[in-house]
Amino acid sequence: MPYSDDETDDELDASSEGEPEEPPEHEPGAQPPVDTRSSDLGWSVKSNDRAYHQLPEFQRKVFLCIKKSKYSGNGIKTYKYNAITFIPLNLFEQFKRAANLYFLALLILQIIPEITTLPWYTTLVPLVLVLSITAIKDLADDLATNESIKPPCNRGCPLLSFQETKWMDMQVGDVVRLKKNDFVPADILMLSSSNPNSLCYVETAELDGETNLKFKLALKITDEKLQQEHQLAQFDAMIDCEEPNNRLDKFTGTMQWSRHSYPVDLDNILLRGCKIRNTDVCHGLVIFAGTLVPTNTGLQQSVCGQVPQYPQTQAYNHQIFALLILVALGLAIGHGFWYEQIGSLAWYLYDGADQSSVYRGFLSFWGYIIVLNTMVPISLYVSVEVIRLGQSKFINWDLQMYYAEKDTPAKARTTTLNEQLGQIEYIFSDKTGTLTQNIMAFKKCNIGGKTYGENLSPWLVRDDGERPLYLVLQPVDFGWNQYADPKFEFMDHSLVACIRSKQDQETLEFFKLLSLCHTVMVEHKEGELVYQAASPDEGALVTAARNFGFVFLHRTQDTITIKEMDHEATYQMLALLDFNSDRKRMSIILKFPDGRIRLYCKGADTVIYERLSPHSLHQETTQTSLDIFANETLRTLCLCYKDISQAEWDEWSRKHTAASIATRDRDAALDQVYEQIENDLLMIGASAIEDKLQDGVPETIANLAKADIKIWVLTGDKKETAENIGFSCQLLTDNMKIHYGEDLDLSNRITFYCSSNSYVGFACSQPHLQIALDKSVPKCMSNIGFDVNAWQVDFVDMACECEAVICCRVTPKQKANVVSLVKKYKKAVTLSIGDGANDVNMIKTADIGVGISGQEGMQAVMSSDYAFAQFRYLERLLLVHGRWSYIRMCKFLRYFFFKNFAFTLVHFWFSFFNGFSAQVAYEDWFITLYNVCYSSLPVLLVGLMDQDVNDKLSLKFPKLYLPGQRGALFNFKKFFISLFHGIFVSLIIFFIPYGAFLQTMGQDGEAPSDYQSFAVVTASSLIITVNLQISLETSYWTFVNCFAVLCSMAIYFGIMFDIHSAGIHVIFPTYFTFTGTASNALRQPYLWLTIILTVGISLLPVICIQFLSKTIWKKYEMEAEEEKRPPTFQRGGRSRRSGYAFSHSRGYADLISSGRSIRRRLNDVMLNVMGGGFFVLSFCFHTFLSTRTVSLREIKKQSNLAFLYFSFLMHQP
């Protein structure tokens, strides 16, 4: 596992401590069998005994009196649905959503004749359509998941009888045999293998995405005694371990066999989904079986049946539902008063039912709940899902986020967070592998107080016979070493000369430590050595030792063989004290060929210096070199050793054996034992590794900072290293004032002031984060009543005032805690980005997690919401896709609410003229198809494809991102604007046709003032209005958008003429009652003029506001910006690095918030033209209402005026 300062996770350590030698059976040091069932280990497995696992004590109740063994079979349920359960189970899952349940309740109410005035199909058709679309999506997801998981279920594997059997037929306690390239069928305790010392190499790509090989090993006792088939058949051990869980990084258990107990840990376990590599045959005991493992195999889980969450719309739907209740209640009260004063006195309104006015009002209330139900749109959720799916596909298809070098495209692993990408305020980033390439190169070292890697050796070279001599830096020639890696480069020739002379023992000891103290695995391919390292750091150090003559050749369970210059040496490995993020070091205890016992240790300087012997030399010079290396952004480790006597080893070994078989808190017990041996160390030196920045990191950080996104870097590196990386990637600049955590007085509340024109950076190291993150208050501060919560608030307030924050020496857990603090106290949308397993907690804690597929496997990617290959793609993800998604979703929601309010509230106005009787203003089929066919396509395309500016301008002007952070495009203010806009349009759409129909005579002498003709005119006006309204809202016109608007209106008129035809009335006389209404009404020019004027007046306020905002108001805003704009250049600045001046001038937030666009589009010209046209139309309508007769001369006069106005507008720039 990785051992560098910032590449670890205390929850992801490998627990690869070496197995101590088993004491002989006659020695009292062997641990007697213990009853672990009473401890925390609640899982017992007996080998080769299936009947044991069916005992009553292992039965559990599953339903009523039905019991089942807790040891499940090994089959995998590869589907959520089948042919029988699909419909009922999917409907059950869908009706968990409140909206679907609400409309189901409405459908039940519509069956009651006394309540409803709408037929049942007006709700049933949209509900069935929504449920069908969602069911088809869920079924497709389930089939995809089924196909991806089903093949492993049918793989074969031989049992103890060595007969081929399917995975699903295996049970706990079976002994299985696996061959090379086989997949492990269950969680298995490894017993033996064909390799020496029962080593087994596995590939865990299906578990964590990592392709580098890892090694597993059997217990020494099973390796010695379980090699033959008959020995395996007689194996009767009892395994007591932890119960099945979803952790891949830890395992605690004990094997009881032959009256002795042996510790079992993760090194002995083959997890399901691993692939056997470089091992001919291995045997194992099935510990866990069942369906738990697919959640860990890297296969994406099915999301079918899960209830999507829509936090952006739920709050507003509550407001709408409350408004619906209030409106329905008011109209019901109105109906009660109307019936009391008018309805009950009119003999021609008597319906034969002797009901009181209160009861009639009660029935009217439920009737209006049904009539006004479209205020809560049923199709909103499906439309949002379609838009989010499309936006996710656009991210996947973006070629500018495709990394060709590794053939890695961007991947949106979720479809529910796209619009939140446009609202990010804080980014929390790992350093190594995220900002840097995570390709490590050994650059410098300090050995015995002397630094190597600085004294470069220039060579005189002549390029050809004509050119003069010039100096070049010649790298070291490692041709003398047959095992040297040709890719390795080192520039200091003096170090090689020192090693080859064999005069400096400290230098030889330095590289011997690097070749022995590690967990690297080696493969021999075509005569070459191929190292498989758990981290790039470890691989770089072992490769460096290899090039300098100390070559790691191979290892077994308890030996390591290296070549020291010109001879091979094999060392016995007594114990391996592995690295984790709490220890920040790893050690190995070796027995030399001459019998000496020595401990080698390497780790972070903060922990090594605490454990050095007072007699250790070169402490000061090494510390000076460490500071210099850190200032050069190099990653450092300290190397030291300790000689151990045989008596000291024997005593410590007994403690280690006891701790390794502890059934409770085994890790803590082992750490305590490790502390007892890792002391009085002697310093050898320090190593320095270079990790270069990725391409485009400085430019990306600078642009994100301009978008007012605050970036925090959370790293385990030294403060100096992190600070210099901050300067090199332009996270920190020279015009920033840097504050350090150690400069703060922890005993007092912090008062932190920043002027509006200053840039502030904050660098805080791990000890000063301890109180804020872990709540560990020093005794001196607890005595004075120190308030940890107050410190947390002060810390967050102070840090959030800074332009950039770097947290040093933090553990993976503390990374997640930093994110939690900002989320808790700032209520901001956060994003975490990382590349390794140590970043998983941070990625999962943030609102949005981004994984980089780098050098450390795929664990970060598999835990993330979005994934790509390079940090620079984050800029495009946020500033382009995130901003577009946010703008599109906000525009979609505003328009969706508007069109439903405009549609529904016409019933409200109509109620004042029908005695509040819950009579509808439209035809039944129009209500049914309004949201499904007539108005859905244009707004759906706006939500998918609309752009205010193109991607290049989005990146060029990062200030355009600000409206999303402020929530300026959709909030309660915008919601109520949509509400009042819908109220206004509904008012116009109802009252203008109503006024036009009063005492009107058509050209044929007939009066078109019947209810059905009124419904047709009102519906036609509404359809044209809402489709033209979305046209005005569209910023990016394509053929598809134009087609959608025209097609929606064409579909409306086509369907209307069909359902108003006599033929369909003959077939379904009950459901189609508007026979001939459309053809009769729409042949009247008077009604067409009513429709045009209704549409014109409905759109006139919007056109006027947009016209003024693009002309007069825009001019005043630009003049104000010119007065406030600060100077763009100031002399006298000084920089020690290539700083980047962040732009803090006024941006384009207000421009985007107001709905205006930077683009010069056809909409601007059309807006002006339509403005003039509707001005003339409004004048015509005024004349029309005044005289009721429009002469041809007046129309011609107004047309000429309009033509002159259009000509004037078309010549404007």
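Each Cβ is built from the backbone N, Cα and C atoms, and glycine gets one as well.
For reference, TrEMBL has these:
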type	residues	note
ACT_SITE	ASP430	active site, 4-aspartylphosphate intermediate
BINDING	ASP430, THR432, ASP835, ASP839	Mg(2+) binding site
BINDING	ASP430, LYS431, THR432, GLU538, PHE579, LYS602, ARG635, THR715, GLY716, ASP717, ARG809, LYS815, ASN838, ASP839	ATP binding site
COMPBIAS	1-22	compositional bias 'Acidic residues'
DOMAIN	54-124	domain 'P-type ATPase N-terminal'
DOMAIN	861-1114	domain 'P-type ATPase C-terminal'
REGION	1-39	region 'Disordered'
TRANSMEM	118-136	transmembrane segment
TRANSMEM	320-339	transmembrane segment
TRANSMEM	365-384	transmembrane segment
TRANSMEM	892-913	transmembrane segment
TRANSMEM	925-945	transmembrane segment
TRANSMEM	975-999	transmembrane segment
TRANSMEM	1011-1030	transmembrane segment
TRANSMEM	1042-1066	transmembrane segment
TRANSMEM	1086-1108	transmembrane segment
TRANSMEM	1165-1185	transmembrane segment
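The stretch in 365-384, 925-945, 1011-1030, 1042-1066, 1086-1108 that contributes the largest number of Cβ pairs under 8 Å to the transmembrane segment (975-999) is 1086-1108. Residues of the same chain lying 6 or more positions beyond the ends of the transmembrane segment (1042-1066) and with a Cβ under 8 Å from any Cβ of it are 923, 925-926, 929, 933-938, 940-941, 1016, 1019-1020, 1023-1024, 1027-1028, 1030-1031, 1072-1079. Of all residue pairs in ASP430, LYS431, THR432, GLU538, PHE579, LYS602, ARG635, THR715, GLY716, ASP717, ARG809, LYS815, ASN838, ASP839, the annotated binders of ATP, the farthest apart have Cα atoms separated by 24 Å.
The CA atom of ARG809 (ATP binding site) is located 18 Å away from the CA atom of ASP835 (Mg(2+) binding site). The Cβ neighbour count for ARG635 (ATP binding site), using a 10 Å radius and every protein chain shown, is 27. Under DSSP, residues within the domain 'P-type ATPase N-terminal' (54-124) fall into helix, strand and coil as 30 helix, 9 strand, 32 coil.
Using a 10 Å Cβ-Cβ cutoff, the residue listed as 'active site, 4-aspartylphosphate intermediate' registers 30 neighbours. In this structure, the C-alpha atom of ARG635 (ATP binding site) lies 10 angstrom from that of THR432 (Mg(2+) binding site).
ASN838 (ATP binding site) sits 11 Å from THR432 (Mg(2+) binding site), counting Cα to Cα.
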